[in-house]
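*Asks:* What Swiss-Prot records for 1-32 is signal peptide. Feature annotation from Swiss-Prot assigns topological domain 'Extracellular' to 33-159, 216-229. The N-linked glycosylation site feature in Swiss-Prot is assigned to ASN34, ASN58, ASN72, ASN107, ASN130; the stated evidence is sequence analysis. If you look up Swiss-Prot, you'll see 162-210 marked as domain 'TM2', on the strength of sequence analysis. The annotation topological domain 'Cytoplasmic' is assigned in Swiss-Prot to 181-194 on the grounds of a curator's inference.
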Amino acid sequence: MPQISVNYILLCGQFLLFFTVLLLQCLEGIHSQNSTEPPGNRVTTSKPVLFSEQPEENVTESGSVIPTETSNHTEQYEYNPPSPVVLCRYLPEEFIFCQDPVDHGGNVSAFQELGYGCVKFGGQVYKDVNHTQVLCTALDGIECAGPREFLRGNEPCIKYTGHYFITTLLYSFFLGCFGVDRFCLGHTGTAVGKLLTLGGLGIWWFVDLILLITGGLTPSDSSNWCTFY
């Protein structure tokens, strides 16, 4: 019985692998060619547009086309109590779009001039959080009476920028001597001092742990802690 050399088996395996790679490259090229086929060569199965569905157009003597005005559902309706059309400010939340609270950055004069917005953000308890109205707009295609832009709601002046209490507490406990917790919260100046003193020889590290637990150390941008759901 003839013996098959190991080198012969390896050589056959290499040829088989090379042939497989070439086959895959050919299949990939065919697939990419089909995917980049121009739209004019493809068979379209879309529904033909009926003549009655095409918008009416006016043609001038010079050949230019002037489109006619179409019906618009965003026009303002006059409020009539017996009619089913409600005021825009009474629409449910799924039919309106509300902007984020306006940030005045501590400018009280701008708040008094505009009449709404947030002078400051943040707060750990309800009584410490400012509330404001926000500018809302009725969505396109929704019929309602009165102005389509209006002030609504009593939104809290809070924002979230990706800071988690548990994560920051772990940073403070394990890496607090290097100021990692304050770096994460945006307190760069004090973080550098904490790093150079190795957490104030342990005293600063312990104080920051207490401040985090009691709510005395918060993000520098006045944002609130993100919650896990």
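Residue 1 is the first one shown; counting continues down the chain.
Just so it is clear, glycine is given a Cβ too, placed from its N, Cα and C backbone atoms.
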*Asks:* For ASN130 (N-linked glycosylation site), which residues of its chain lie six or more apart in sequence with Cβ-Cβ distance below 8 Å?
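*Replies:* ASN130 (N-linked glycosylation site) has long-range Cβ partners CYS118, VAL119, LYS120, PHE121, GLY123, PRO156, CYS157.
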*Asks:* Measure the Cβ-based neighbour count of ASN107 (N-linked glycosylation site), defined as the other Cβ atoms within 10 Å of its Cβ.
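*Replies:* So the number of other Cβ atoms within 10 Å of ASN107 (N-linked glycosylation site) is 13.
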*Asks:* Give the helix, strand or coil assignment DSSP yields for ASN130 (N-linked glycosylation site).
*Replies:* coil
*Asks:* Within the topological domain 'Extracellular' (216-229) only, compute the mean pLDDT.
*Replies:* 87
